[in-house]
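K.L.:
Mind having a look at this structure? Questions to follow.
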């Protein structure tokens, strides 16, 4: 049997897989040849079957002879050439075939007796290059990026300060395809009814939903265990991963025990790897000021005590950022206007259908407020549209007082990587109409109505009178100096009297270290002051939080929430807050010389300790597809104050083209300093 691996892989865009097995895409012909038979068209029948109980009604088994033309609707075979001892045959599958690993066998009948032979196995994937496929993507550059590109950029930070880091999706590496297929065979659906589950594997919306559940460990012993506590003992900190390969390999090596630990971008990156591997065009999306609306009322409530401390008492929260996925496929269940990008989210936030899974939610449905459509549209709609209510809560009396409400801060700078470039593209307008426009408010009302929130009395909601009250003063925090780990944090609290009479204000200020979900972890600093503002006066109050005060308390996210709760005499309270993300020091990569296939090239990684104390436990982690195999870990000796370290390593690239080298540096004072370098091989 000759599977013509090289030619078929080239035609089917599967050359990047490093497999000895044939990997092809559905709805497109592939060629095989074998030694054999005198009159093949008269006496050969092929059988292709997949799953534990192959059957024709379930479309997991196909029997087909040799015909004169290819069929668009079913499996078919066409004779290409015969010679005295060899037959070459072109086999094609329908564009809606079940994907997965198939067994191919052949029966031959001659002079009344028949014999059958197994020809081996091949893997069938989705085909975004084929117009009949649900995942068809007409733009070839987008197919290259969203299916074949193994490097990605993920956006993080907060709405005032967007940063980004590289990620190695590595969907074509080593054993990843087999791990993705075994992920499907470990899902709850497969365990409950294997044959039915396999028969649904022709449908990208089914697979997307199943995999959104399998990437998190909740319910099904899936790939990654989430941890948002700020303490990552017993596993790897979510910020330390640089690619999906290590996570998926670890999951398999451990006998499929959940890998510790993930947070949203890790779940999203792993789901990107799995879906791109199977041929579904997929990308990561970052939403800044992302709402987690736990109770489905399109409103997020946050609580503060009288001293201005954030209280962790609501299930709702507003994350500095949240990362999910979009996958591209048609929605035959909803109609053509809901096809295109679909939101999937593997981060375990709320249950859907009794398990932690989310999507696919049509992005068009989100924009139009069609929250009654499958799947999980209300949750995704709230992530980008919820209204925010900030409350003062008194634990003694259990009384809560509305400080203020906002309808324009959720869902900002929604970001993804550009096609073919390492830039950020803003897709906010694809999720909603412009904030503040009447169309945006109309859509919000439409969504509330569809969810039955308009007619229902909500005892937890503020009164219109509370919402309409106007504050006497305004306030904001201004940054007055560098936002860098290792430097003192300098801010200015600016308070302005909006009235024509003097106001006395008691100000309670706090600073807490948080994780990126804005969950408070450690109190860093507090202060209070009393101030009188003359009519229309603006006053500035400098704030300094020294590095030594926050250094021990910072989480690996480098985030601090600063709050000033202003009690205005005779008026309503005013809450001033700012989320601050501190930047790590820079790390630099230099490629010394020209990178050529199978030739050694030196790379230098340079880091300078920016603080005036020694840093210890320094570790450098390096990975890069087609540049080195696996992940390189290098221990670096301690660095004295202001000392520079230079680490040289050798690469032997094994593929030509633009490749990305990813570096992660950690020590006792700085965690997960990331950078990447494009290397042209």
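Backbone N, Cα and C atoms are what each Cβ position is placed from, and that goes for glycine too.
According to TrEMBL, the record shows the following:
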- 256-348: domain 'Transglutaminase-like' (DOMAIN)
- 264: active site (ACT_SITE)
- 322: active site (ACT_SITE)
- 345: active site (ACT_SITE)
- 385, 387, 435, 440: Ca(2+) binding site (BINDING)
K.L.:
I'd like to confirm something. Which of the active-site residues, 264, 322, 345, has a Cα closest to the Cα of residue 435 (Ca(2+) binding site)?
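P.N.:
Going through 264, 322, 345 one by one, the Cα closest to that of residue 435 (Ca(2+) binding site) is 322.
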K.L.:
I'm trying to understand the geometry here, so how far is the Cα atom of residue 264 (active site) from the Cα atom of residue 345 (active site), in Å to the nearest whole number?
P.N.:
9
K.L.:
List the residues in the vicinity of the Ca(2+) site, defined as same-chain residues other than 385, 387, 435, 440 with C-beta within 8 angstroms of the site's C-beta centre.
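P.N.:
Sorted by sequence, the hits are 407, 408, 410, 411, 432, 441, 444.
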K.L.:
With helix taken as DSSP H, G or I, strand as E or B and everything else coil, how many residues of the domain 'Transglutaminase-like' (256-348) land in each class?
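P.N.:
Its residues divide into 18 helix, 41 strand, 34 coil.
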K.L.:
Enter the number of other CB atoms within 10 angstroms of the CB of residue 264 (active site).
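P.N.:
The answer is 28.
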K.L.:
Sequence gap of 6 or more, C-beta under 8 Å: which same-chain residues meet both conditions with respect to residue 345 (active site)?
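P.N.:
Expected: 212, 267, 268, 324, 325, 358, 359, 376, 380.
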K.L.:
State the count of C-beta atoms found within 10 angstroms of the C-beta of residue 387 (Ca(2+) binding site), not counting that atom itself.
P.N.:
22
K.L.:
To the nearest whole angstrom, state the Cα distance for the pair residue 387 (Ca(2+) binding site) and residue 322 (active site).
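P.N.:
Each residue's Cα considered, residue 387 (Ca(2+) binding site) and residue 322 (active site) end up 17 Å apart.
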K.L.:
Give the distance between the Cα atoms of residue 322 (active site) and residue 385 (Ca(2+) binding site), rounded to the nearest whole Å.
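P.N.:
Cα to Cα, residue 322 (active site) and residue 385 (Ca(2+) binding site) are separated by 14 Å.
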K.L.:
Sort out for me which one of 322, 440 has the most neighbouring CB atoms within 10 A, since those are the recorded positions we care about.
P.N.:
322
K.L.:
Please list, in sequence order, the residues in the chain of residue 385 (Ca(2+) binding site) that are at least six apart in sequence and whose C-beta is under 8 Å away from its C-beta.
P.N.:
291, 298, 410, 411, 432, 443, 444, 447
